[in-house]
Amino acid sequence: MLSTAAEEDPEGGSRETNNGGETTPDMQWRSWIIPIVVIANVVVFVVVMYYNDCPHKSHRCLAKFLGRFSFESFKSNPLLGPSSSTLEKMGALAWGKIVHKRQVWRLLTCMWLHAGVIHLLANMCCVAYIGVRLEQQFGFVRVGTIYLVSGFCGSILSCLFLEDAISVGASSALFGLLGAMLSELLINWTTYDNKGVAIVMLLVIVGVNLGLGTLPPVDNFAHIGGFFGGFLLGFLLLIHPQFEWEENQVSLMPGTIVKPKYNTCQLVLCIVASIVFVAGFTSGLVILFRGDSLNRYCKWCHKLSYSSKSQWT
């Protein structure tokens, strides 16, 4: 869960001004994919609670006045939600079912499930706060792609380390958005002022939440996988043209030296990020479907995440 992102604007550095002293305006997109994501997560949670039907399976339900939507006991689920068995049936991340039964769809469905009301509210508030801003700046195609693909990356890494636990939650995709914000700052470094403050603030937010990921029962591997997936995708999808190039498109005077759309550093970062992403994504899938575990090669990595039967991201 991401609990601190809504307190600050981590990318608060403003765009540098042009020669006229005015900030170069970015196209403002209407945000609609992130609101749909939030609504979809809420609807899925309601469906899961309906299917869970606690009163017909247990006498220790909370908020019994809700009928079949009542919650499992605090002992069973302290986050006010369904049972682990219900989440597993509805598509939670489960290594055995993905590897042995080839239920690959779980790598995507798990990010739409939540362990409880508290889990859902924490994730969706942060997704809305971060995602709407990114979508307004870069559009629904790029932000939606980062959200889904980085969530998928988080699921892969989680499976490679957690073989005996189920995992649910949208935090892997949420960390993907944070990773994309960081790479966007780096690849468009020359277009921001106050960049030092912005990048330090963002790194502090990510660091604090990764630290919280070592507490039970959070799946920190999903956070890490989502963050690095979004970080690499941000270099590819959130690149801005140089301001000099944009200004030349507005008023190209005779004799003006035309600058390239992207500088050399931006192009190098794009190439390196694409190679690393393809290599990491492909190798992760290959290792997963071979039934292998990265714990065999990294003896200390288990310390990065709390390990239990159920994991919430």
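Backbone N, Cα and C atoms are what each Cβ position is placed from, and that goes for glycine too.
Annotated features in Swiss-Prot:
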- 1-24: region 'Disordered' (REGION)
- 1-11: compositional bias 'Acidic residues' (COMPBIAS)
- 15-24: compositional bias 'Polar residues' (COMPBIAS)
- 31-51: transmembrane segment (TRANSMEM)
- 112-132: transmembrane segment (TRANSMEM)
- 143-163: transmembrane segment (TRANSMEM)
- 166-186: transmembrane segment (TRANSMEM)
- S171: active site, nucleophile (ACT_SITE)
- 196-216: transmembrane segment (TRANSMEM)
- 221-241: transmembrane segment (TRANSMEM)
- H223: active site, charge relay system (ACT_SITE)
- 269-289: transmembrane segment (TRANSMEM)
Inter-residue C-alpha distance, S171 (active site, nucleophile) and the residue listed as 'active site, charge relay system' (nearest angstrom): 6
Among 31-51, 112-132, 221-241, stretch most in contact with the transmembrane segment (166-186) (C-beta, under 8 angstroms): 221-241
Stretch of maximal Cβ-Cβ contact with the transmembrane segment (221-241) [cut-off: under 8 Å; candidates 31-51, 112-132, 269-289]: 269-289
Packing count at the residue listed as 'active site, charge relay system' (other Cβ atoms within 10 Å of its Cβ): 31
For the transmembrane segment (31-51), distant same-chain residues with Cβ under 8 A (at least six beyond the ends): 68-69, 71, 81-82, 86-87, 89-90, 112-114, 117, 120, 123-124, 127-128, 131-132, 135-136, 140, 143-144, 147, 170
Other C-beta atoms that fall within 10 angstroms of the C-beta of the residue listed as 'active site, nucleophile': 32
